[in-house]
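Feature list (source: TrEMBL):
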SIGNAL    1-21  signal peptide
TRANSMEM  185-204  transmembrane segment
DOMAIN    255-646  domain 'Acyltransferase 3'
TRANSMEM  258-278  transmembrane segment
TRANSMEM  298-324  transmembrane segment
TRANSMEM  345-364  transmembrane segment
TRANSMEM  409-429  transmembrane segment
TRANSMEM  436-456  transmembrane segment
TRANSMEM  483-503  transmembrane segment
TRANSMEM  523-543  transmembrane segment
TRANSMEM  563-583  transmembrane segment
TRANSMEM  595-614  transmembrane segment
TRANSMEM  626-650  transmembrane segment
Amino acid sequence: MGDLLWLLGLLCGSLVVLSNGEFIEMSQYHRMPKLWQMDDYDECLESPGPDEPTGVYCSVSVVLKPNNRSELWKLIEEFSSDYKRHYNHQVLKRGVCIRRCQKAIEKLSPAERNALTVEPFPIDVRYKFNDGILKDIPTYRAAYQDVVEICVNKELNDTYGLVAHTEILSCDKSTDELVIDALDMSFLIVLCALLCFVTVSSWYDSSINYKRTSDHYRQPLDSKRKMVWVSFSIQRNWYRLTSRSRDELNQKLRFFQAFRFLTMSLVIFGHAALLLAVTPTTHSEKLERMMHNVGSMILTNGVQITQTFLGMSGALLAIQFCSFAEKRKGKVSFLYVPFAILYRYVRLTPVYAFVILLHATWLLKLQTGPLWRWGAETEQTFCRRNWWTNLLYINNYVHADEPCVQQGWYLGAEFQIFIIALIVLVTIVKIPRAKVPILGLVLIAAYIIPALFIYYQKLEGTFVVTLEAQRYILWYDKFYLHAYIPTHINFGNYIQGVLTGVIYNELQKRSINLAQSKAFRAVWYLTFAIIPLSMLPSYMFYVNNFPTPSVWMAAYFVVSKNLYGIGVGIVILGCIYGMNGVVKRMLNYPFFEPLGRLSYGAYLVHPFVMRYMFVSVRGPVHYSDLLTLSLVFGATVMSCLMALVLCLLVELPTTALQNHLFGSFKEQKSNHVDPETVTNGNINPGFEGKKSEL
């Protein structure tokens, strides 16, 4: 809903608001230089003739030199000063064909060239990614920097009466060749090995299916050795992916699969909005105009959607753990915690590592384009440098400004909170009389700790998502690094999810049916309106610069963020008790079962897919609402298809092997079906010997 309002917001209005509250006509807006301007990439890199120079195409960052005598510069400076809602129009992006530039300036005299060469001036704004990420950039700058600066400044001076400092960000040559190194080959070896395992395992499983029935793939085999051999069987894993449990608890919680898929779709929608700000568009003013609509706060606060996964994760963990503890009559040792952590790590990591290896190797080689190197080579560099932070699940703290698989910040935060929550649950089971005080103290800590960080780091009362920060994919944005991805910021909604699960367990013990409560029914329906409306007040932080540090802003941040988690908990409880029959039937449709189980893989691969749809563009694009919706729909479908491949190739086979390797850690072996319970990277441990069939 929030993303839909954002798209509608792009259609509204024909004026742009300045920071002083006045309006300027669009004709005034278009007096400013375009944020994006690009030469034809493919024409520039066409194979040159025998006597023609090599084609070179460079992406360039342009920083306008201040000129207080220029009325246009004053307009640019004033408009850009509203940094929370506008791009910095002092910083422009250009795609330059070196051959065209050389022809454009070849007739200039030395004096004219000198006049268009800008002496260094202080630059206190972000205008590029950090140096040392892309290869060969110093070589390209030494060869073409002067040509590019004179060429760009000639156009700026002739058209706008301004000049600028230019800096080459990346270059492509028509003579560039594909280079394959040892790490690239290692990915191919791993991929071929997995394909061989699947082929052999599927053949073996089929060869021992003597009765030629589909039931063979649904039943366990008569020895552990045979079960290991068929772990990669595509027929057996397809059944695990598409099966439905008849267990009463799992039937009650089946709606989680729909929640996962729908939330995953909204995540893709939100990332499409981010990429609109990152990639070249012909109408950037629409994005800036949207930031002046109060309703757009539902979109900008739509980053809260990941809190849905945290709430669901905490609720499932608590429900499953309480069920496990009851079956053991409360006899759960703290020694269980390291086993559960290891069990969970082994489940999460193989497919995650496979995606990291893909990003570190073949992502860069699968496409070209004027933006492709900074969109893909940056990812390759970071994954080769910082892969270990991902596999240790500390990437939301360590090298967070150089992220490998950037969406993996959630996996790091969630894994860390899982450990804390598991210790809390074991504690309240061992000391049942202290359940309420312990949960109360943990919940208070979940509110106070982030509030203290917001206060002492002098941050504002909401995660301010600026267009300018999005141009650099939020890597260097202090709000993103300190008020969005850290574990201590996201701790509250997970713990509130745990509290939801504990409340459900207590209601079950007391045979209380919330569906019979008129008061809860009213609260459940109101939640769907209150949560979106609660995001609107954040607009005040976009139009004001309140002094920091501030106690009231720290309190507002924590309350507004965790209010979302409270709403998620209420919705979960209502869905468990079937508060609305129509909604329950819709969420329990069979097709949500496999889609929900594919959510983890889709979460991991959707940025890979979206890079091809957005970052591979050859020039500025006019993104209409219909085109944006089409791209989002296509990204969702392609992400699910890639997730299906990952699921059958890596995820389900490795979890099947894990079930056999961890056999001594399991209590029950009667339930042999092992579908995935995936919540955007959140896989709950097998409290009953195998993963739940949710």
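Cβ coordinates are placed from backbone N, Cα and C, and glycine is handled just like the others.
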CB contact flag for the transmembrane segment (298-324) and the transmembrane segment (345-364), at least three pairs under 8 A: no
Integer mean pLDDT for the domain 'Acyltransferase 3' (255-646): 92
Within-chain partners of the transmembrane segment (345-364) [C-beta distance under 8 Å, separation at least 6 from its ends]: 183-184, 186-187, 190, 372-373, 376-377, 379-380, 383-384, 387, 390-391, 404-405, 408, 411, 415, 600-601, 604-605, 608, 611, 646-647, 650-651, 654-655, 658, 662, 681, 683, 685, 691
The transmembrane segment (595-614) vs the transmembrane segment (258-278): 3 or more CB pairs under 8 Å: yes
Non-local residues, at least 6 beyond the ends, that sit with Cβ under 8 Å of the transmembrane segment (436-456): 424, 427-428, 482-483, 486, 488-489, 491-492, 495-496, 498-499, 502, 549-551, 553-555, 557-559, 561-562
Highest-contact recorded stretch vs the transmembrane segment (483-503), from 185-204, 258-278, 409-429, 523-543, CB pairs under 8 Å: 409-429
Stretch in 185-204, 258-278, 563-583 most in contact with the transmembrane segment (523-543), if contact is a CB pair under 8 A: 563-583
Outside the transmembrane segment (258-278), six or more residues from its ends: residues with CB under 8 Å to it: 2-3, 6, 287, 299, 302-303, 305-306, 308-309, 312, 467, 470-471, 473-474, 586-589, 592, 595-596, 598-599, 602-603, 606-607, 610, 614-615, 623, 628, 631-632, 635-636, 639, 678-680
Cβ-Cβ under 8 Å with the transmembrane segment (185-204): same-chain residues at least 6 beyond its ends: 229-235, 354, 357-358, 360-362, 648-650, 653
